[in-house]
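K.L.:
For reference, TrEMBL lists these features for the protein:
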type: REGION; residues: 1-25; note: region 'Disordered'
type: TRANSMEM; residues: 75-97; note: transmembrane segment
type: DOMAIN; residues: 113-427; note: domain 'Glycoside hydrolase family 9'
type: DOMAIN; residues: 443-551; note: domain 'Glycoside hydrolase family 9'
type: ACT_SITE; residues: HIS481; note: active site
type: ACT_SITE; residues: ASP529; note: active site
type: ACT_SITE; residues: GLU538; note: active site
Amino acid sequence: MFGRDPWGGPLEISNADSATDDDRSRNLQEYDRAALSRQLDETQQSWLLAAPGDPSGKKKKRYVDLGCIVVSRKLFLWTLGSVLGVGLLIGLIMLIVKTVPHRHRPPPPPDEYTLALHKALMFFNAQRSGPLPKHNNVSWRGNSGMKDGLSDDAIRRSLVGGYYDAGDAIKFNFPMSFAMTMLSWSVIEYSDKYEAAGELDHVKGIIKWGTDYLLKTFNSSADIIDRIVAQIGFGMTSNSQVGQGDTSKGPNPNDHHCWVRPEDIDYPRPVYECHSCSDLAGEMTAALAAASIVFKDSKTYSEKLVHGARTLFKYGREQRGRYSPGGSDPSLFYNSTSYWDEFVWGGAWLYFATGNSSYLQLATAPGLAKHAGAFWGGPDYGVFSWDNKLTGAQVMSALRLFLSPGYPYEEILRTFHNQTGTIIDYLDAADTPGWYCGPNFYSTDTLRGFAKTQIDYILGNNPRKMSYIVGYGKRYPKHVHHRGASIPKNGVRYGCEGGYKWRDSKRPNPNTIVGAMVAGPDRHDGFRDVRMNYNYTEPTLAGNAGLVAALISLSGVKTGVDKNTIFSAVPPMFPTPPPPPASWKP
């Protein structure tokens with residue numbers, strides 16, 4: 001039998017019956033001498049020196065078994081206390097750091113273009129129709145147009161929302177769609193700049209307010225439609241818009257004859273529908289398709305926008321016609337000269353939104369480009385506007401710089417590129433140092449500098465030393481041609497002609513319509529700050545949308561365009577080789 005030796009080592013105990021007491025005693029004595037002759041460690045000595053409660057012995061040390069190591073209890077407690085003390089000290093320091101106010105180096109002030117951008121976007125808040133959002137931040141505006149569409153017996157559905165076009169209360173869907181396309185395009189290419197300026201959510205909210213309304217103006221859930229609402233607020237013809245503008249037929253209350261706040265309108269607001277309006281359908285296609293890229297992270301809404309865009313484009317291609325035939329209300333205010341440019345424009349945006357090459361094939365068809373005026377000059381050639389989209393569509397030729405689509409698209413894209421080669425941001429994106437105009441070479445810095453001078457003129461660097469953006473700078477127009485801005489919000493409801501006293505007043509507008517870019521000076525730099533002269537003092541949605549796009553491009557740090565987002569839905573392109581040349585004949 002082997003037992004455990006408390007001093008270490010084996011101990012054999014014999015249980016033989018033959019052993020005598022004397023033998024056992026002698027054996028134990030030998031073991032005692034052997035044990036006493038061994039060197040004892042500190043723990044073993046402490047066990048022998050003093051028994052519990054023996055005051056004459058040394059104090060027994062205590063130990064803590066941590067599993068992998070045995071340490072002195074005193075050392076353990078000291079270490080634990082030190083750790084806790086250091087932890088409390090660190091926590092106290094962090095609490096002091098968080099609670100005591102600090103002086104941080106202030107960020108650099110925003111540049112002038114960013115300051116103007118903040119204001120230019122606020123104009124859209126002032127133009128909203130319908131139930132205003134909680135944080136619209138235009139104190140003198142309220143809910144308006146709450147019965148649009150519902151009060152028209154021929155429509156009887158809600159057309160509430162959208163934007164008033166200018167200084168009146170008319171919703172012209174043609175220029176409104178163009179404004180939404182422009183804003184979406186600017187977000188697609190400069191979302192980082194918008195975010196840096198703190199305006200990304202704001203501008204996306206502006207776009208969605210417009211596209212939500214546009215989706216109401218046709219059966220956006222259908223694949224095939226036969227009509228579109230074109231305008232709300234006139235009342236002269238059977239074509240479509242919301243609002244009535246022409247006053248030549250008499251003094252019946254309408255949006256141009258009356259001078260009232262939108263919130264106080266009590267006269268009929270007829271709805272105009274069109275059954276053959278390819279130009280309007282093409283522009284609405286572009287607006288919804290471009291917005292679908294802006295909202296691509298919201299899959300359900302983005303797909304809804306794409307579906308609506310497809311339906312509109314199909315309708316526009318199959319039911320040809322202008323939305324503003326002669327004699328109609330639209331022809332007096334926003335007359336469309338052609339729908340071919342909208343086919344190119346809408347087709348290009350649908351291609352970017354879907355990646356479907358059939359839309360690219362149509363947008364680059366030489367015959368379509370010819371009808372749109374791509375190969376001949378004219379007074380509007382190269383001018384991008386709510387009526388002429390050709391230049392914008394040609395700028396889309398930048399895709400050849402990044403995707404190399406090749407045959408059969410290359411020929412027309414190269415032609416478009418040559419016609420719009422001085423688009424500065426795309427030159428930068430393509431690492432092109434500049435552009436030749438005849439024998440003269442102009443660097444991108446030179447071209448960009450010229451672009452800045454145009455915006456600087458609007459901001460006040462002009463012969464009159466006046467900013468043409470309301471609320472920007474020290475001197476700006478005070479008599480803006482705008483009903484809501486010119487009539488005080490004083491609890492008094494002014495009738496159709498009751499607001500004339502405010503229209504004709506020589507006093508500045510009681511409400512400042514911040515960010516509105518007025519029509520501006522004449523070609524001689526002359527400007528009259530007169531409320532009744534809308535050629536000088538009336539702002540518009542389309543004008544401000546173009547202003548916003550220019551300001552975001554110039555604002556902040558110089559950066560190129562986002563080359564990826566616009567192509568996010570486009571699959572990799574594998575160009576088809578061109579057909580072989582015809583066989584040689586002697």
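Using the three backbone atoms N, Cα and C, a Cβ is placed for every residue, glycine included.
Map the listed features onto the structure and describe their local environment.
P.N.:
Sequence-distant contacts of HIS481 (active site), defined by Cβ-Cβ distance under 8 angstroms and a gap of at least six in the same chain, are ALA166, GLY167, VAL518, ARG531, MET532, ASN533, TYR534, THR537, GLU538.
Residue density at ASP529 (active site): 17 other Cβ atoms are found within 10 A of its Cβ, drawing on all protein chains shown.
GLU538 (active site) is surrounded by 19 other CB atoms, counting those within 10 A of its CB over all protein chains shown.
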